[in-house]
Amino acid sequence: MLFQIPKNISSIYRTISIAASLSPKPNSHFIQHSLFHFFHYTEEVLASKLAPILQSCTTCTQNLSSVLRTGQQVHAQVTINGIDNLGILGTRILGMYVLCNRFIDAKKLFFQLQLCYASPWNWMIRGYTTMGRFDLAIFLFFKMLVFGTCPDKYTFPYVIKACGGLSAVSLGKWLHGLVQSLGFEDDVFVGSGFIKFYSENGCLDDARLLFDKMSQRDSVLWNVMLNGYAKDEQSVNDVVGLFREMRRSETKPNSVTYACVLSVCASETMVKFGCQLHGLVVRCGLEMDSPVANTLIAMHAKFCSLFDARRIFNLVPQADRVTWNGMIGGYVQNGYMDEALELFHEMVVTSVKPDSITFASLLPLVSISEDIYQGKAIHGYIVRHDVSMDVFLKNAIIDMYFKCGNVEAARNIYNCSPAVDVVICTAMVSGFILNGMSSDALDVFRWLLNKKMSPNPVTLASILPACANLAALKLGKELHGIIVKRSFQGILYVGSAVMDMYAKCGRLDLSQQVFRRMSGRDVVCWNSMITSCCQNAEPELAIHFFQQMGANGAKYDCVSISSALSACANLPALHYGKEIHGFIMKSELSSDLIVESALIDMYAKCGNLDVAWRVFELMAHKNEVSWNSIIAAYGNHGRLTDCLDLFHGMRKDGFLPDHVTFLAIISACGHSGRVEEGKHYFNCMTNEYGITPRTEHYACMVDLFGRAGLVEEAFGVIKSMPFVPDAGIWGTLLGACRLHGNTELAEMASEHLLSLDPQNSGYYMLQSNLHANAGKWDMVSKIRHMMKGRGVQKVPGYSWTEVNNSTHIFVAADTSHPQSAQIYLLLDNLLMELRSEGYVLTLYFSHSTSGFQ
């Protein structure tokens, strides 16, 4: 036995009974009174000896097997000695069973206790909550109320936690009312529980109201409130304000406080405040505290201050796995592949075992560099060392293979996974779309639905681009219906994906409807709308949304600026472009390569090639995109010699030309009529640089031969293509046939065009003009009736000019311009002068309100 226990109580009872029978005047009241006191004393003796042991059992959380063994011995001794009324001993034994996860034993003991007290109920509610059975915890709480047992302040923290586990906001608010009626609201633990419950379920106003009412606020309470604000993207200022309020209070911030606020500084890129906070942490002597140090490393990595992050990392006396992962992740976020790999090797050497988070942090950099060999080496290490393949790591490996172009390897990991969840399916959908396999992405999505898995917002946002790529408007509308039904339309990235899908399916009107109905709009939403307008030939609308974006207080980024400059180039609107250029010079985007390349393109397309060259020349750093922009600028202006000089300068500076470079050069050769140079650079692209020609390159070659009158050679290019020609290719050939009068090839090109794109009025115009030039008016009439029968409307051609920072648009036979009378008078005088110089008017097919002329 562990300790000395009094003799069996039943024998003591018999002794007292005999003594009573020998008494001359037995007094039953005296006997009962003595018996009661003897039993009471015996329980006190037991309690005094057993209670400390059970107390240690219910407070010890380590070595639970030893705790359980001791507790079971205590329970056995209590049972052997025949104590039926267990009282406080029974409650503590119950607590021991709950802490040791012996719920069957706990349940058996529970029904043997006096349930008029709250303690046994509290332990059982705590046990069910701890094991995640929140429904049973709440059920037991209501059973406690029905039984007539009044809950105490120790009951509510775990009931509140159970309500949070079920996201039962209404039940939690009802519970709050009950707590108020019982007067427990001011208790720190109960109040903290409610504040955490409200903050985790989006009821921050309720949480703050309760927080302000608390008479005593310890560091735990402040941290709960701070973490609640930190998890809400719209409450960044509240985090800073509450932290400053905490510093003015009697409660001092601790390491948990600083870790929370520093994480907000990192996520919101609050550089100045984050650095000030770092100084405060150093002054408080908490810099080397593990959670604070790890958060400081993550913050400085986000600020691109890797020197400061590494300094903190080097000062940490014993870096744990989280510290190593944070520093490796920092290098990866900033694109330092070599440093990340070197640190990974150091981590292995120092016997800190990498985990799934380490590799999930390391693999994205492999995806960016598209180094498939490095990715395979890391994958091999994971397999050899039996690293746990959780969802995040599996996703990172699948994503790495997809971004490196190894679709089969990604598919094999997916197929070999014993359990596939929504997250992995979403990774497969995104990967297939990235590799242009939209049909495969839809197959995975359908499989997900067939398996009764519910797609999350990320899944739905990921599958929408597949609908856009396949122009599957009907399917896109069905997915939009699912999004609305599940109330996902308020999520910004989902709304942006819906907008983008409609725009790419040609329904810019529906895209705008979705945009206008969004309650909140971030930079991505605005950028998506501006880009969609540009892609749908609505440059004026794009500029309008760009102006609205600034008026609404949204911050422009490189995508916003480059899209707006593209709209200015397509309009063209040089005065808007100059205004945007002025804004760029005053902002932090003045040295952004994407923005500077867009500026080059805008000035070139607006006819100001000198300024385009000046922007290029003043660039502090250049990349392939900027070189391609200036090469295309000179090529589009027909300055082939300058274009080729720039091409050689690009190679001299160590930049390899890509498919865009050669597209610009071949196009420039076509505009200049230099057929041999165009053929040379096409062969150079394929033979010397190993670049596979795309549809655009073949279209440029067709145009190159067509402009030079080599229509048969242009047709030969089409026949040599390794894929089926699209409408653009045949349209280019038809234009060449019309220019050089090749009726036979024109007929064949027309047949292909009308089958590929029967609603494009431009192709009908080309055919009609070809037949009009040949004097075949019956064919002109036939084409007119064909257009009418198919409901094809001629899109009127228009021209524009910019005068005094204002763009003037002109359409044939249009009189809407306020100065149209003077303009037509000047035009008539110009035509008269042309005729006097020998100009002969040529009739073309035109569709106006008065018919065909």
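First residue shown is number 1, and so on along the chain.
The backbone N, Cα and C atoms fix where each Cβ goes, glycine too.
Bear in mind that TrEMBL entries carry predicted annotations, made automatically and left uncurated.
Copied over from TrEMBL, here are the features:
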- 117-151: repeat 'PPR' (REPEAT)
- 218-253: repeat 'PPR' (REPEAT)
- 320-354: repeat 'PPR' (REPEAT)
- 421-455: repeat 'PPR' (REPEAT)
- 522-556: repeat 'PPR' (REPEAT)
- 592-622: repeat 'PPR' (REPEAT)
- 623-657: repeat 'PPR' (REPEAT)
- 658-693: repeat 'PPR' (REPEAT)
Hey, which bits of the same chain come close to the repeat 'PPR' (421-455), Cβ under 8 Å, at least six residues off its ends? 391, 394-395, 398-399, 401-403, 405, 407, 410-411, 414, 462-463, 465-466, 469-470, 475, 482
Tell me, roughly as an integer, the mean pLDDT over the repeat 'PPR' (522-556). 89
For the repeat 'PPR' (218-253), the distant same-chain contacts (Cβ-Cβ under 8 Å, at least six residues beyond its ends) come to 188, 191-192, 195-196, 198-200, 202, 204, 207-208, 211, 260-261, 263-264, 268, 270, 273, 284
Cβ under 8 Å, sequence separation of at least 6 from the ends of the repeat 'PPR' (658-693): give me the contacting residues as numbers and ranges. 624, 627-628, 631-632, 634-636, 638-640, 643-644, 647, 650, 700-701, 703-705, 707-708, 710
What else in the chain is close to the repeat 'PPR' (592-622), if you only count residues 6 or more beyond its ends and a Cβ gap under 8 Å? 558-559, 561-562, 565-566, 568-570, 572-574, 577, 581, 584, 628-630, 632-634, 636-637, 639, 653, 655
